[in-house]
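Annotation comment: Swiss-Prot describes 1-32 as region 'Disordered'. The feature compositional bias 'Basic and acidic residues' is assigned by Swiss-Prot to 13-32. What Swiss-Prot records for Gly105, Asn106, Ala107, Gly108, Ser109, Gly110, Lys111, Ser112 is ATP binding site.
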Amino acid sequence: MESADILPGSRGTVDRRCEGSEEKITPPRPVEDFNPQLFPNEVYLNFTSMHGIQPVVARIRELSRKTVSAAMVPPLEWFERLPRLETPLDIEPLHLPFSVYLISGNAGSGKSTCIQTLNETMDCVITGATRVAAQNVYTKLSSAFATRHINTIFQEFGFRGNHVQAQLGKYQYSCSSSPPPIEELQKRDIVYYWEVLVDITRRLFESTASRGEFENIRALERLLGRAPGSLTRLAFCTNGSLPAFTRTNIVIIDEAGLLGRHLLTVVVYCWWMLNAAYKSPQYAEGKVPVIVCVGSPTQTDSLESRFEHKNLKCHVRSSENVLTHIITNRTIREYVSLSTNWAIFINNKRCQEYEFGELMKVLEYGLPITEEHMRLVDTFVVPEAYINNPANLPGWTRLYSSHKEVSAYMAKLHAHLKVSGERQFVVFTLPAYTFVKTAAFDEYKKITQQPSLSLDKWLAANASRVSNYSQSRDQDAGKTQCEYYSEHGVVVARTDVTYVLNSQVSVTTRMRKFVFGFSGTFETFDAVLKDDAFIKTQGETSVEYAYRFLSTLLFSGMINFYNFLKRPGLDEGRVREAYRRMAALTAKLIPGASVLESACDNPSGAPLNFRGLTDPPGFTGGTTNDWDDDNDVVFAALNEGAIDMLYCNYEFVRPETTQEVYSQFLMLKTMFVGRYSIFMDLFGGDFESSPFDTFVDNISYKGCEIFVGSMRGGVSSIALQTDSYTLMGYTSAPVYPFVEELARRKLHEGIAELFGAMNMPRMVLRDQHGFMSVLNVNLSEFVESVDDVELDMATAVDYGLSSKLAMTIARSQGLSLDKVAICFPRNNLRINSVYVAMSRTVSSRFLRMNLNPLRERHERDTVISEHILAALRDRDVQIVY
């Protein structure tokens, strides 16, 4: 490796990037002398991509040190006055200082790797624009190191569930000059987002909770005679509920192109307000927030929806996104010095085929489309009927432009499976429920002046709003049936939803699951044990629980080795040798099993005296009543080596202390690895690909339903939207952690009673590693906002699953898909949507589409493309290849 002191020079010098740095840059030294400024000792960097990323890290670190004078710091009193204003138009314009660093690039170019490096090199708040974006970042970060949960930017600045239905843009502010100064733009955004911001502000200052954590730390420093700021970090150790914005001034937002332009000011406003309210050290120092926006302005749209209650219609419109706003708005661009604070990542690393990569660049940057590009896309085109026929392209993911098209394809797929005689992919139906409170519904009709509004009509119009995810409209759902429970004041709407057994699915939100077994092969289970994958992904609450669970699976699954030896066609000599070696291994690890080893070495082949195993030392006689003759015959008929003496000599208990838990796991893991090595030596590949199933208790199947004796011994975990699952069926077995979680929910009394009596089944999933889990039901509460009145209208309960067999193009954003078939619309075709859909594939060999969008009439955002092309020619912009 080259000297750590040599920074990769890329359109700018090290001196310019680090100008104003508080740390001293030492002159070049020998290779073995480590430079702590460039490479801190506690950090492991990805050296293959560090060449271009290091200047990005240096520049963001430099921006984070920027401070403003005390006169420029927004005063606490300004925030406290806002909730008392009659209208947001009366807000006194105030400059809220901030910095921006923009990281853009085409799909799969390494933007997430850059976020990972920033996370490892500096203290920052990492967020996503959506839950999927946040969990994608979490997956990337946790693959290298243990990391805290990643929230959305909305969760970090205080957005709550009741804000979803807030009416944005109710007030409008027009700037008085052109181009407007920065404080005018900020007032415009605050006024636009007023309904949400005023509620967040009011809730903060009306809260009775103490906000004196940092004051207490400063008092402790004075008491101990310590230097000011020396104990500041203790505040986050002793007060876990402190807002993340008070910890650091670096805020990273992934997929920022999905956010409206006003969200930039909203984040800056909330950062200053929280730091002022908590009197944080960075507020006292006058530090300025650095908003690192990651994404692509040409890929994504910012969408805003507004529900019209009178006509029961939801209007969705595109709005200018944050990235486009930063790049194209003259005031913002000059204020943040965009040229020196912009990194563009080039080259698609997801699909590394040269011609296809060049095509993606053309679509991304608005370059001229040639006949050669069109001919390349022609090779992907097949008839639309071919894509929409479920019998074709099995296992491919269909992408559509609308939820209606997705739902229609799913219905067609299910109808095909019902008549195809397919045994692996079986169709089954389960009920989903919506509980509507009659009192709230009557109040809604009164406020909206719709006395004749029927519940069926309201449910049909609000189906996508009642659930907490838009993919609910993708499902193949039957007709809704309503039943009125007058004593409970609730109407229960039931809808039957169709699912496909053994199909690929994902969860629609962050949900609780209970892992109770493993279903895979000997090879996959051995891989899980060797790389500690389960400990890293499931042991988030307590490592002891994860080790205890694995010990249970190991103990229950050891019998699979003996079951393998009963397969017909195996060489008898190798089978006898396997029995002998396993007996020796068991005797070595469990001293009480030594009797087996001596029996296996008995050349006479005489039956093992099973009665003698239970006799005390020196016992020579006794009554025959102790042993049943039939049992004696059964045991004596078995070859002595065919019995796994692990189960005869080892009492499986649930240890309490950490040392005992790990000792038990280590012994059982050693036994599994030893047996695995024996069988690989004797049977090779035939063995490692054989089934290995193990559970905490006995299970049985009846059609698509799974029966489990007991869930005791399983472990609670979290299912993320970025995980890939196979739908294995459903179960009605009680899962006590789920029962306790439901009891903690503050549900309407009538709804809680009705739901508890339904015994709603739960889905059983297998993850990408092979672990089997029961998924809790997805329970979401719908609060309607009408004319400043909030109505707690309904509670929806479903299974929280979304099929990977078909989805909208918008939902596929950020995903890598193996095989993709796209149905583009023939009208309103947009190139950025085409780019998102085509760039999902990892290989163009597995890409099909119904038309060539380059030969069709389409819309293209040339304005933003021109700005990006200009940036590529700007020597101050950092280019990362």
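Each residue, glycine too, has its Cβ placed from N, Cα and C.
Bear in mind that the values here come from a model prediction, so they are computed numbers and not experimental data.
Taken residue by residue with DSSP, Ser112 (ATP binding site) is part of a helix. For Gly110 (ATP binding site), the count of additional Cβ atoms within 10 Å of its Cβ stands at 23 [all protein chains shown]. DSSP gives Gly105 (ATP binding site) a strand state.
The binding-site residues under consideration are Asn106, Ser109, Ser112. Their Cβ neighbour counts within 10 Å are lowest for Ser112.
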